[in-house]
Amino acid sequence: MSKVTKQSKSHKSSELVSLAEKIKQKALENRKQSREESQATEEANTASETEAAVIEETAEPEEGFSSFRELDLVPELIEACDNLNFTKPTPIQSKAIPPALQGKDIIGLAQTGSGKTAAFAIPILNRLWHDQQPYYACILAPTRELAQQIKETFDSLGSLMGVRTTCIVGGMNMMDQARDLMRKPHIIIATPGRLMDHLENTKGFALRKLQFLVMDEADRLLDMEFGPVLDRILKNIPTKGRTTYLFSATMTSKIDKLQRASLTNPVKCAVSNKYQTVDTLVQTLIVVPGGLKNTFLIYLLNEFIGKTTIVFTRTKANAERISGLCNLLEFSATALHGDLNQNQRTGALDLFKAGKKSILVATDVAARGLDIPSVDLVINYDIPVDSKSYIHRVGRTARAGRSGKSVSLVSQYDLELILRIEEVLGKKLPKENVDKSIVLSLRDSVDKANGEVIMELNRRNKEKQTRGKGRRSRTATRENMDKEEE
C-alpha cells in the first residue's frame with residue numbers, strides 16, 4: 001500500500017504526528033552525525049575483520065582477454081561496449097565469452113551481479129549481426145523483473161545494430177504480446193510459463209529456427225518447479241544447430257540433469273562462489289521480544305533515515321502492511337511483491353532506483369536477479385527459512401566494493417533459523433546496539449499506526465471482494481507459475 005487514503009490521513013492521532021516530528025528531528029541529527037562518522041566507520045570496517053559475510057566471487061588468475069577490443073567483435077558491438085563503459089571484463093565474462101564466440105555450448109556458474117548477462121548477450125549479438133533472422137535467440141528467466149533487466153541489457157548492447165527485442169512475461173496482456181511476436185523480434189526474453197502459453201496458443205509463432213537458447217538463473221528456474229515446462233519448451237525447439245547457454249549460481253543434481261538433456265559438449269566456466277568474509281558488509285541481529293517487531297523496525301528506519309533500505313518480508317501481506325506503516329509514519333516507502341501486476345512492480349522498482357522512494361519493502365522476489373545499485377541497508381523483518389535466501393538478501397547491499405549493512409530482527413521462533421545461517425556463514429552474528437528506551441517510547445504510537453494500516457487494508461480487501469462478487473473466475477493459465485512465492 002503506497003499511501004493510505006486521505007480519510008485515514010485526516011484521522012491521524014496527535015501521537016502519530018508527534019512521532020513523525022521526532023523522526024524528522026532525528027533525521028537532521030543523523031545527517032550531521034553521519035558526515036562525521038562515515039569516514040571513521042569505513043576505516044574501521046576496512047582495518048578490522050568485521051562481522052561481515054557475503055558470497056564473493058574470487059576469480060582465478062585470468063588467462064582470457066583484458067579488453068573487449070581484443071575480441072573479434074563487430075565494430076557496432078565494440079562501440080556499444082565503449083558507450084556502456086565496458087572496459088575490463090568480469091571474471092565470468094573473461095571465461096565464458098571466448099568459447100562462446102567459438103560456438104561452444106556454455107555452462108556458466110556465477111552469482112547475480114557478476115556481469116553474466118553480458119557474458120551471453122555479447123556472443124549472441126555478434127553472431128546475429130552476420131545471420132539476422134527473426135526468433136534468433138530465446139532467453140528464459142525465472143522472474144519478470146530479471147527478464148526485463150535482460151531485455152534492457154540486450155537493448156543497450158544492440159543499440160547500434162538495429163536489434164529488435166521483446167519481453168514475454170506473465171501479468172501482461174497476451175494479445176499485446178502476440179502482436180509483439182508477430183513483429184518478428186530477433187531476441188525473445190521470457191518467463192517459461194508465458195512462453196509456453198504463446199507456443200501453444202499464438203497463431204504463427206514457433207521457434208523451429210531458433211539458434212540460441214539461454215536458461216538464466218537455472219537453479220531458480222528449477223527451484224520454482226519450472227522443470228516440466230522447460231521439458232515441454234525443449235520439445236518445441238530444434239536440437240540440431242542450436243547453441244545453448246545455461247547459467248546458474250550452483251551446480252546441483254537437477255542442473256546436471258538439465259544440462260545433459262539440453263547441452264552438447266558444453267564448456268564449464270565457473271567463478272568461485274564460496275562464502276567468504278569481506279569487510280564491506282556488516283551484519284548484525286536484534287533479538288526482538290514478542291509484539292515489538294514493528295517498533296524495532298521503525299526504530300531502525302529512524303536511526304538510518306535517509307539511507308536507501310530494502311526491508312525483506314516472508315509474505316506479500318506483510319510487505320503491503322509494512323509499506324503502509326512506513327508511509328503513514330512519513331517514511332518514503334514502496335512495496336514489491338507477487339500480487340502486483342507488472343506495471344506496478346516496474347513502477348515500484350523505478351521509484352526506488354530513482355531515489356524517489358528510499359525504502360523498498362519486498363518479498364524474496366527482489367532478493368535475487370535484480371541489479372539495484374547503492375543499497376545502504378538491508379533489514380530482514382522476517383528471517384528466511386533457508387540460508388541461501390538469506391545470503392541472496394544481504395547480497396543486495398555491499399556490492400561492487402561498496403560498504404553496506406544488514407540487520408535481522410530475530411524472534412524466539414527464529415533462533416533455529418539463525419543458527420543454521422550462522423553455521424553456513426561460519427561465524428556468529430553480533431547483536432546490533434539498540435537504545436531500548438527509545439524503542440519502548442515508540443511502541444504505543446507504532447502499534448496505533450499499525451492498527452490503522454490493518455483497518456485500511458481490510459477495508460480495501462472488502463471493496464475488492466464486493467467488486468468481484470458475482471463475476472465468473474476465468475480459467476487460470478501458466479501465468480500463475482510466473483508469480484513468485486510468498
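Using the three backbone atoms N, Cα and C, a Cβ is placed for every residue, glycine included.
Taken straight from Swiss-Prot:
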type	residues	note
REGION	1-52	region 'Disordered'
COMPBIAS	1-11	compositional bias 'Basic residues'
COILED	17-49	coiled coil
COMPBIAS	21-38	compositional bias 'Basic and acidic residues'
COMPBIAS	41-52	compositional bias 'Low complexity'
MOTIF	66-94	motif 'Q motif'
DOMAIN	97-269	domain 'Helicase ATP-binding'
BINDING	Ala110, Gln111, Thr112, Gly113, Ser114, Gly115, Lys116, Thr117	ATP binding site
REGION	459-486	region 'Disordered'
COMPBIAS	476-486	compositional bias 'Basic and acidic residues'
**Study point:** Lys116 (ATP binding site): secondary structure state under DSSP, collapsed to three categories
**Key:** helix
Check your understanding: Which residue counts does DSSP give the motif 'Q motif' (66-94) for helix, strand and coil?
Key -> 16 helix, 0 strand, 13 coil
Study note, to complete from the structure: Looking only at the motif 'Q motif' (66-94), mean pLDDT returns 91
Practice item. Determine, from DSSP, whether Ala110 (ATP binding site) sits in helix, strand or coil. Key: coil
